[in-house]
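This report refers to the structure that appears directly beneath it.
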């Protein structure tokens, strides 16, 4: 509504007026009734008037107020009076102090000049004004005093802070100086320590230098000694080479002489019942071999020990060849002589019948043959009982081969597959035997035992059993025995410690399956006749290569293996045999005796000592047998064993040494040193690789 808008405008205008801006106290009635009384009473001078005149008016004269200020004062004074009362005719006189200053700077007198009539205020106004002025003055004095005190306090605090900062600076300087002193001390200690370490290191370097100089001097002396030794060795090598060369010439001369004796045997061609061409061919080959060695050494310098050994083996073979021929000739001559004697006796009997009885004549003693006188103590042939046992084993082996001949020669693919699987199942576990943990060895034994017992075993990812073929068991037994002997020939020959794990498995299988043990012996005797012991004789009509195979040599393309390789194989098989006779399967029955125990080892040792030694072979086999089985024989036979060792040293060593050439003395010297050491300590050491109880717990 328009009237409402004007109303608000009016109120706003009143609020903006001078009166509207005045402050009104709502509690003025509480101050008492004297406020109204002062408004109704006549104005009078207050007791503060003199002070006001002295201070306020003087200040007013010094600082003249502007007309606006005067008007404001008037309005204030006017407002200080009650509006309903009469106005006072008295005006407030205004004094304006004037001061005249002379040009010379002299201050003039103050003159009070009436400018405007004063309006006297009420006593209460003057009192209030005076109070205000006094309050301001007191407040100013109080503020000045407070400011002065605050300044003093601040100055005191500044001095205190300055003193404290000075003390802290002193402490800081002291700490800094102390720290520098400590750092200096630490640095000094570090330098002293470094100096001591440097001196120690220097002393150490000096000691090392002296030590190295000493070592260098020793090395120089050793180098000089080595040089002198090499010079001496070179001189000895040349001397030995010359000796070997002369020996080779002597060997060649003897080989040629023996070959001439072979050619001289042609005169007996008519009386002999066999062809001599094989002997002559082999004799010519041996002569060519020795001549080739001499030609090669003349081109390359001096002959080596191996060359001499080859020539000596050729000479020995030539001797054996001539001995065999002479034995055959002697046997033939003896047979012819016997036939002639029998014919003469028959004629004599006929003449006796015709002429009458006569005194009997003495028959001549049989000729001992061209071989000369036989040794009274030792023999060449094996005992009859041992030979019979050897032939029985070979016969059993041959019968086993005949038993599975049908399986071997079968053309059926299924039979071939069964044969291959059975052979793998029998041979692979034996190939896995080595110096492994006892638990693994038991797994191999159980697998072989299960196969021989007819149980199925896993091989090549499928099941295999001997029951798949009627001849399967014979085939597996034969191949298993063959593999055991082959491991001795190859694995044990290269790693002597392998003899014991292979032997303990073979012994356990032998105990549970005796036929396998007999086949092992048959294979062993066939490949190593010295394990019987048996020295095969050269038979009439036998090819030389077949005879060498009977002796244990490997012959391929009419080439005989080297003597070192031959001895290595024989050594491996003898070591396996020596380990078998002393070991038993630890998980078997202890109540039963060993199927082929130490008594057979004692028999072997006694029989080989009753036979003539063979060059390089007997010494090697004796050493291998005693090194593996000597400790067990010592514990079993005790005093009797040491008597046999003394017999070997005193009686058998001279026989071995007599037939051993200079190039074959290595095996003899090794055996001799081994037995001398054992006799010195009165003990045969436990062989290396022997299976102890800790092996079976692993």
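Placed from the backbone N, Cα and C atoms, the Cβ positions cover glycine too.
The range from 11-62, 63-114 that TrEMBL describes as region 'Disordered' is residues 63-114.
Listed ranges 330-376, 377-423, 424-470; the one TrEMBL annotates as region 'Disordered' is 330-376. In TrEMBL, the coiled coil annotation falls on 206-241 of the listed ranges 170-205, 206-241, 242-277.
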